[in-house]
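Read through the structure below, which is laid out as structure tokens, and then see the notes.
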Amino acid sequence: MQKLTILLLVAAVLLSTQALNQEKRPKEMINVLSKGKTNAERRKRQCEDVWMPCTSNWECCSLDCEMYCTQIG
């Protein structure tokens, strides 16, 4: 009986996790669609100074990201 209870609890957790993942997918799709911005649109927002953490070049004022914004030159 205990094994059946544990099995039912595990199944409930798996189903609830799957439901949460399905709710997040529309937001991910919006993020994917918004990544197609031009450089001018990207520069409208604040850019990071030298030595600030970054994940891509367009986040830095220098447009040079190597885990941190670096200075060109």
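Every residue gets a Cβ built from N, Cα and C, even glycine.
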Check for me: which candidate out of C54, C61 does Swiss-Prot give as the disulfide partner of C47? C61
If we check Cα distances from C60 (disulfide bond), which of the recorded positions Q46, C47, C54 wins as closest? C47
Pop the Cα-Cα gap between C54 (disulfide bond) and C61 (disulfide bond) into the table, whole Å please. 11
Work through the recorded positions one by one (Q46, C47, C54) and name whichever has its CA nearest to the CA of C69 (disulfide bond). C54
Quick one: give me the count of other CB atoms within 10 A of the CB of Q46 (pyrrolidone carboxylic acid). 8
How long is the line from the C-alpha of C65 (disulfide bond) to the C-alpha of C47 (disulfide bond), rounded to the nearest angstrom? 12
